[in-house]
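Following: one structure in C-alpha cells, then a few remarks.
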Amino acid sequence: MKRKTLTQYLVEQQRSAQALGPEVRLLIEVVARACKAISHAVSKGALGGVLGSLESENVQGEVQKKLDVLSNEILLEANEWGGHLAAMASEEMETIHLIPNRYPKGEYLLLFDPLDGSSNIDVNVSIGTIFSVLRAPHRVAGADVCEQDFLQPGSQQVAAGYAVYGPQTMLVLTIGNGVVGFTLDREMGSWVLTHESMRIPEDTKEFAINMSNMRHWAPPVKRYIDECLAGKTGPLGKDYNMRWIASMVADVHRILTRGGIFMYPWDAREPGKAGKLRLMYEANPMGLIVEQAGGAAIDGTGRILDIQPDKLHQRVSVILGSKNEVERVGRYHAEAHAS
C-alpha cells in the first residue's frame, strides 16, 4: 500500500473535524522543506565545508558552529516570504525577526532552535531542529509584533515538531491530536508517514541524564537517580540503563520510540538560573510532543506547558518522558518542598 506524504497528511487534517488552518498547513510544509535543506547540509559534513566553529557567540554565550548559523539562515529565508508569519524567534538571535515589509504578514509566530545538539556536529552524532508555532495576538494582525507577543505558555502552541538528522532523517510532528513521524525519502525528496501514532510507555527502565553533574543536583533528583542505580534490590524494584547523547532531539526521539525519562535539571553551579534548556523553543515544543504521545513534562514543581514566560530566552529545568517516572520525580520534589 502506498504511504502518505506529509502534504497528504496535512491536507487530510485540514479537511477533518479538527480543521487544521490552511496557513498552519502551509507553514509546516515550509518548515519541513527547510529541514530537508538542513539535512542535506548536515549530511555533506566536511565535504561541504560546514564543520567547525566560528569566532562568534550567540545570545546564550555559546560559541556558534558554522552549521548553527547556516541552519538559522535557511529557516529564516524559507519562512519569511510565504505570508504565514508575523515574526520569528531563534536560539541564535537576541531579538525577534520581523517579517520584512516587502512580504505579506500572517497571523502566526514561529520559534526554533535551528540545530539542537550542535556540540555533536563534528563527531557525527545525531542532531536536530526543534520548532514551535504560536498564534499572534489578534490586536497585531497585519502589524508588527513585539517580543511580548511571543511570551505565551506552551499550552497555547498550535503545532510543534522536530527533525532529527541521524541514520535516517525524520520529522516528528503534533498539531494537537497525537504525534506522527515522517521519514525523508531521499530518492523522491518527500516526507513519508512511517509512524502513525507515536506513544510513550507509561513505565520505563531507561533514564537520560548527564551523570557527571550529579554532585550539583537538588536532593529530589539525586534521590530518584540513586533509586534507579539501586536496581532490582532498590525501592523501584527493577534494573535501569542510562542513555545520554547530549542532544535533546536524539534523546527525546529515543524516548518517543521506546520509552524513558529525560532529565536536564537545575544545578547548584548557577543557582540563579532555573535550568539550562530554553523554555520557548526547546522545552515547550518537546513538552507538547511528549504530552501528546501520552507522556509528561515538568520542571520539577509543575507542568512545563503551564509556565508563563517572562522573556524570550528564558531557561527552565526539564524532566520529561514516561508518565509514571516523571510523576515520581514530581512527587519527590513536592515532598522535599513540604519538609
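Heads up, the Cβ atoms here are built off N, Cα and C, so glycines get one too.
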**Asked** In Swiss-Prot, D113, L115 are given as binding Mg(2+) 1, so which of E80, E91, E147 is in that site too?
**Response** E91
**Prompt:** Can you tell which of K36, K44, K276 Swiss-Prot lists as binding substrate with D116, G117, S118, S119, N210?
**Reply:** K276
**Residue in E282, E291, E325 which Swiss-Prot records at the Mg(2+) 2 site where D113, D116 also bind** = E282
**Asked** Rounded to the nearest angstrom, how far is the Cα of E282 (Mg(2+) 2 binding site) from the Cα of S118 (substrate binding site)?
**Response** 14
**Fill in**
Near Mg(2+) 2: residues not in D113, D116, E282 with Cβ within 8 Å of the site Cβ centroid are E91, F112, G117, G128, T129, I130, Y162, M248, V249, L277, R278, Y281
**Message:** Can you name every residue in this chain, apart from E91, D113, L115, with its Cβ inside 8 Å of the center of the Cβ atoms of the recorded Mg(2+) 1 site?
**Reply:** D68, S71, N72, S90, E92, F112, P114, D116, S118, T129, I130, Y281, E282
**Request:** Report the largest Cα to Cα distance, in Å and rounded to a whole number, among the residues D116, G117, S118, S119, N210, K276 that the record lists as binding substrate.
**Result:** 17
**Prompt:** Listed binding-site residues are L115, G117, S119, N210; which of them have CA atoms within 10 A of the CA of E282 (Mg(2+) 2 binding site)?
**Reply:** none
**Request:** Would you pick out, from the binding-site residues E91, D116, E282, the residue whose Cβ has the largest number of other Cβ atoms within 10 Å?
**Result:** D116
